[in-house]
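Feature annotations, reproduced from Swiss-Prot:
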TRANSMEM  38-58  transmembrane segment
TRANSMEM  60-80  transmembrane segment
TRANSMEM  109-129  transmembrane segment
TRANSMEM  132-152  transmembrane segment
TRANSMEM  159-179  transmembrane segment
TRANSMEM  184-204  transmembrane segment
TRANSMEM  222-242  transmembrane segment
TRANSMEM  254-276  transmembrane segment
TRANSMEM  299-319  transmembrane segment
Amino acid sequence: MTAAVSTTDTPLNASPARGSIGISRKFKAYLALTKPRVIELLLVSTLPTMIFAQRGFPSIGLILATLVGGAFAAGSAGVFNCYIDRDIDKLMHRTEKRPLVTGEVTPREALVFAWILGAASIAILWFGANPLSAWLGLGAIVFYVVIYTMILKRRTAQNIVWGGAAGCFPVLIAWAAVTNTVEWPAIVLFMVIFLWTPPHYWPLSMRYGEDYRNAKVPMLGAIAGAKVVSVQVVLYAWAMVACSLLMVPVGGAGWVYTIAAVAAGAWFLYESHALYKRAQGGDVSNKGAMKVFHGSISYLTLLFIALAVDPFVGSAIVGS
């Protein structure tokens with residue numbers, strides 16, 4: 001890391017005082033540290049991947065173990081991230097109300113909570129699914145906390161490209177939970193999310209560019225002009241859509257998935273090119289950038305819903 005992080009228990013904001021909040025508010029503060037919206041997005045890919053790998057519904061016990069274990073792993077990584085980044089979170093309007101900044105949770109409490117969630121996630125995946133999924137869960141935590149948060153985030157504009165790989169682990173965990181191995185279709189889904197991350201996150205960093213500049217975090221959307229960022233968004237969007245279609249020959253996907261991948265991909269490419277056109281004309285706005293950000297979430301959701309439905313309708317277009 002390029003910036004020192006205090007390890008004391010002194011809150012970054014003196015209000016509210018420790019012990020002055022009720023149980024309900026404390027619970028909400030702990031929940032906020034886990035970044036529940038990020039967890040929701042990660043879980044969108046987990047169950048559909050399990051269904052596709054099984055070519056049907058896995059057992060309820062396996063589904064619950066994988067979803068809960070995966071959520072705990074993501075939550076643990078989120079809390080560690082909030083703990084490490086609490087010095088810069090106070091400098092950004094987007095993150096200034098996080099519990100470690102307001103003092104609702106102390107750094108020591110957050111650190112203990114992160115370790116508990118991490119240990120619980122590995123145990124749940126190990127005994128509820130299999131050791132391979134547990135190792136992948138541990139890998140996801142380490143990758144997000146060490147590779148992204150501690151090494152890349154404050155040092156390079158490519159931080160979200162490589163650090164974002166941690167967000168691709170849920171599909172590997174899901175596939176491994178069902179098959180006890182990692183096969184090529186899982187790798188393709190991993191790469192879809194890997195290529196999806198930049199066009200998802202960079203428009204957000206355009207919207208909050210001033211925040212990142214104040215915190216000296218070199219997100220591409222904050223340090224490069226809209227023209228440069230929009231080109232990168234378009235390139236990654238095309239690569240993502242092309243990669244998604246590999247599930248047809250590699251994963252044996254059928255017509256439901258194929259139609260969704262083509263239609264949703266075409267729509268997202270249109271939105272990406274619209275952002276590019278506005279940026280090249282010097283007419284890009286925060287609203288336009290956020291439209292692509294929200295559109296990327298809709299794209300991924302539609303793609304994985306189709307992945308879940310596909311095994312129940314028709315057969316593979318190309319041999320399985």
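Backbone N, Cα and C atoms are what each Cβ position is placed from, and that goes for glycine too.
Same-chain residues lying 6 or more positions outside the transmembrane segment (254-276) and placing a CB less than 8 Å from one of its CB atoms are 199, 203, 230-231, 233-234, 237-238, 240-241, 244-245, 247-248, 284, 288-289, 291-292, 295-296, 298-299, 302-303, 305-307, 309-311, 313-317.
As a quick check, the transmembrane segment (38-58) and the transmembrane segment (159-179) clear the bar of 3 or more Cβ pairs under 8 A, pairs 6 or more apart, so the two touch. For the transmembrane segment (299-319), the list of distant contacts is 41, 44-45, 47-49, 51-52, 54-56, 189, 192-193, 196, 200, 244, 247-249, 252-261, 264-265, 267-268: same-chain residues at least six beyond its ends, Cβ to Cβ under 8 Å. Same-chain neighbours of the transmembrane segment (60-80): 33-36, 38-39, 42-43, 46-47, 50, 110-111, 113-115, 117-118, 120-122, 124-125, 127-129, 133-134, 137-138, 140-141, 144-145, 149, 166, 170, 173-174, 177-178, counting only residues six or more beyond its ends whose CB sits under 8 Å from a CB of the stretch. The transmembrane segment (159-179) makes contact with the transmembrane segment (132-152), as judged by at least three Cβ pairs under 8 Å among residues 6 or more apart in sequence. Remote same-chain partners of the transmembrane segment (132-152), defined as residues 6 or more beyond its termini with a Cβ less than 8 Å from a stretch Cβ, comprise 1, 66, 69-70, 73-74, 76-77, 80-81, 84-85, 118, 121-123, 125-126, 158-160, 162-167, 169-170, 172-173, 176-177, 180-182.
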